[in-house]
Amino acid sequence: MKNLKMVFFKILFISLMAGLAMKGSKINVEDLQKFSLHHTQNNLQTISLLSFLVVFVWILYMLTRPKPVYLVDFSCYLPPSHLKVSIQTLMGHARRAREAGMCWKNKESDHLVDFQEKILERSGLGQETYIPEGLQCFPLQQGMGASRKETEEVIFGALDNLFRNTGVKPDDIGILVVNSSTFNPTPSLASMIVNKYKLRDNIKSLNLGGMGCSAGVIAVDVAKGLLQVHRNTYAIVVSTENITQNLYLGKNKSMLVTNCLFRVGGAAVLLSNRSRDRNRAKYELVHTVRIHTGSDDRSFECATQEEDEDGIIGVTLTKNLPMVAARTLKINIATLGPLVLPLKEKLAFFITFVKKKYFKPELRNYTPDFKLAFEHFCIHAGGRALIDELEKNLKLSPLHVEASRMTLHRFGNTSSSSIWYELAYTEAKGRMKEGDRIWQIALGSGFKCNSSVWVALRDVKPSANSPWEDCMDRYPVEIDI
């Protein structure tokens, strides 16, 4: 679309220049028509050559222009009901594990359980989130077998539903991108999928690890790039995280926070670059913006998987995390803004920037109104504080962040897949209309902030077996602040 606009303006500009040249030389239209008629009658070779050049340029443009990327459908995993846990049940598991001597062996560390309970009470998580089987039995099962079982159930559950809903055969898939930050066994999760569904031998598969909660957008961006090279094919993106292996059993309070927020979840997304899929696709990918501030030590170290003082592995969250997240988000917004904001907002931002730099240094930065660019916001459900901060900084309404808050309440932080549960929520509410624009934004370790922008190609209805099917009548719910 952008290229077509450029071509239009170039034609308009050339026509205007031609008109000015005619006026300047006092040549009227009749003189030009007579000259053109005489020229064409006596120089058919020139006309043929020009026609050939026009056709050649058009064909070259059609062959080299970026191929549209369509989101045909996506599927979010809904765990079985026996994996549901309330906050009270979860705390009961924690106390039982302590009493059994599995963790926090010092009896004076009862306050660690109380610490987690206080976090959970203020976290925004509800009473029906899911934890894997390995963490609901005693002794706890955190080995490779239990971890692999959790991940297989999540990924295969999402993919089975996706193939069933779309009618696409596994043999039609040409590209596979899988992301899981901390659980990366050998063979890889991508190979596990290839083996399960007997994908074709020449499939282009990638397995992304260690990239945190923003890896879902990264995976989409990687698939988009591959779809520009490999024509007329499908790509599948799978986003998940493993809870079984990553439960922290030490005494470091900073590392205990992740126990309180992360839950079972995953999503599978079917993308296509085939023009005939536009008619049945839900969305078209418009932009992806990736920002990585890892060159700065504070950014790189603010969320790190490491051993605590007792040699127990966990994820440390430093006090620099809020500052780093805000700075990285600011860069992402500054990059995305010129691509999506209307001209009025761009001018207001530029004028404020000039005033602040040259005349009034004390002037506050201008925050563009992104509500003019998007109808829907899918903010990574990383935690209550993250959603609150983005709602405040972007000047969003409670309705704009409803999908994020309800996803956090119903499913917890499912890491990189949370933005898909949020999109599924918006669909289930019947709010997605043709032409609506969606902003998915996620933050993750490294430190990264990534955005993807979609546009709805039709009024979108929820797909079969949506994760919200059995509870949509109860949402939104009131969350105590």
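Cβ from N, Cα, C; glycine included.
All TrEMBL annotations are machine predictions without curation.
Marked as active site by TrEMBL: Cys213 (among others). Proximity of Cys213 (active site) to non-local residues of its own chain (separation of 6 or more, Cβ distance below 8 Å) is seen for Ser181, Glu241, His380, Gly382, Asn413, Ser415, Ser416, Ser418, Ala442, Leu443, Gly444, Ser445, given in sequence order.
Sequence annotations record features per position, and here TrEMBL assigns active site to His292 (among others). Residues near His292 (active site) in space but far in sequence (CB under 8 A, at least 6 apart, same chain), listed by position: Gly446, Phe447, Lys448.
For His376 (among others), the entry in TrEMBL reads active site.
Per TrEMBL, active site is recorded for His380 (among others).
Other Cβ atoms within 10 Å of the Cβ of His409 (active site), summed over all protein chains shown, number 21. Residues or ranges marked as active site in TrEMBL: His409 (among others).
The feature active site is assigned by TrEMBL to Asn413 (among others).
Annotation comment: TrEMBL describes 61-357 as domain 'FAE'.
For the domain 'Beta-ketoacyl-[acyl-carrier-protein] synthase III C-terminal' (375-454), the model gives a mean pLDDT of 96. Marked as domain 'Beta-ketoacyl-[acyl-carrier-protein] synthase III C-terminal' by TrEMBL: 375-454.
Positions annotated as signal peptide by TrEMBL: 1-21.
As annotated by TrEMBL, transmembrane segment applies to 47-64.
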Active-site residues listed as His376, His380, least Cβ neighbours within 10 Å: His376
Cα-to-Cα gap, His409 (active site) vs His376 (active site), nearest whole Å: 19
Surrounding CB atoms that lie within 10 Å of the CB of Asn413 (active site), all protein chains: 25
